[in-house]
Ligand code: SD4
């Protein structure tokens with residue numbers, strides 16, 4: 001028995017009807033994934049090193065899911081950037097980590113407010129593969145991680161984070177201010193301040209055309225205890241639909257959540273937009289909602305289509321994303337942005 005979609009697409013009368021009135025059904029016909037062109041993209045300049053970690057897997061014909069885990073682990077390992085246990089703490093001085101992962105089959109896993117575990121992305125993957133759930137938070141997530149054999153690290157700030165926290169304590173100001181992107185140096189300003197983007201989001205496509213994504217963060221520096229952003233939320237920080245494409249976000253999590261950002265980008269691609277056009281349309285939606293306040297935040301999206309195109313768009317100047325594929329090797333691309 002043919003499905004309605006198959007029937008419309010294969011009957012002459014159906015094709016004529018489609019031409020007369022394009023329906024949502026018609027728009028959602030998935031394009032065929034293109035095999036043989038592995039690639040990985042990720043947010044900010046820390047993405048360059050992370051992409052190499054992913055490329056080691058992809059270049060050997062490995063699975064996109066393994067690549068996006070291995071890739072962001074490089075960043076989680078680094079004490080010099082704001083992702084992972086080296087990241088900035090919350091306003092009580094405790095580092096809490098969020099991460100999520102999604103494969104080409106709608107399998108997904110997530111952890112949030114996880115303390116003292118070095119690789120939250122791998123715990124998120126275990127949630128996906130070894131529990132019937134999608135998300136574990138806080139103490140429960142930590143208990144699960146320990147039960148899975150992840151070592152409990154010391155409760156200790158990295159020297160850079162300690163310095164930044166002490167600096168922040170001088171004013172303890174809790175007020176979003178305009179973003180001045182400056183990745184590579186640590187934010188010592190208030191929430192939303194310079195280089196407060198403490199996240200890496202990564203999307204990969206493997207040689208078999210399978211898409212996967214990952215996202216890991218220490219969240220906003222000096223956040224309220226218990227605050228979660230978009231990064232651990234499937235559909236906000238990350239979404240993958242292998243028939244259409246994958247998208248991920250970085251920036252002010254609250255405003256990504258408001259529009260279910262990554263899912264929105266994928267749905268816009270489903271309607272026929274290119275990855276860049278879809279990211280731009282989602283950013284325009286954020287800007288419309290925020291009105292005059294849009295200038296006080298940064299939001300950025302990256303995306304890959306099932307056909308292997310990639311793109312990105314940001315609200316403000318300064319967002320870069322790293323691309324790695326066999327043709328272009330490694331490159332860092334400055335994304336276009338809305339507020340000029
Ligand atoms: C959050 N989206 O917690 C994250 C912050 C971020 O680079 O992207 N930092 O809201």
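Any Cβ shown, glycine's included, is placed from N, Cα and C.
Remember, TrEMBL labels are computer predictions, not curated facts.
Predicted, not measured: the structure shown is a model, and the values here were computed from it.
Per TrEMBL, the features are:
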type	residues	note
SIGNAL	1-26	signal peptide
ACT_SITE	199	active site, nucleophile
BINDING	227, 228, 229, 230, 250, 251, 252, 253	substrate binding site
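Looking at the residues that bind substrate per the record, 227, 228, 229, 230, 250, 251, 252, 253, the two CA atoms farthest apart are separated by 16 Å. For residue 253 (substrate binding site), applying a Cβ distance below 8 Å and a minimum sequence separation of six or more within one chain yields 219, 220, 228, 229, 230, 231, 236, 237. Residue 199 (active site, nucleophile) is surrounded by 31 other CB atoms, counting those within 10 A of its CB over all protein chains shown. Local packing around the binding-site residues 250, 252 was summarised as the count of other Cβ atoms within 10 Å of each Cβ; on this measure the leading residue is 250. Cα-Cα distance from the residue listed as 'active site, nucleophile' to residue 251 (substrate binding site): 8 Å (rounded to the nearest whole number). With respect to ligand 1, the recorded positions 199, 227, 228, 250 contribute 199, 250 as residues with a C-beta closer than 6 angstroms to one of its atoms, given in sequence order. When other Cβ atoms within 10 Å of the Cβ of residue 230 (substrate binding site) are tallied across all protein chains shown, the result is 32. Comparing the binding-site residues 227, 228, 229, 251 on other C-beta atoms within 10 angstroms of each C-beta gives the minimum for 227. In the three-state DSSP scheme, residue 253 (substrate binding site) falls into the helix class.
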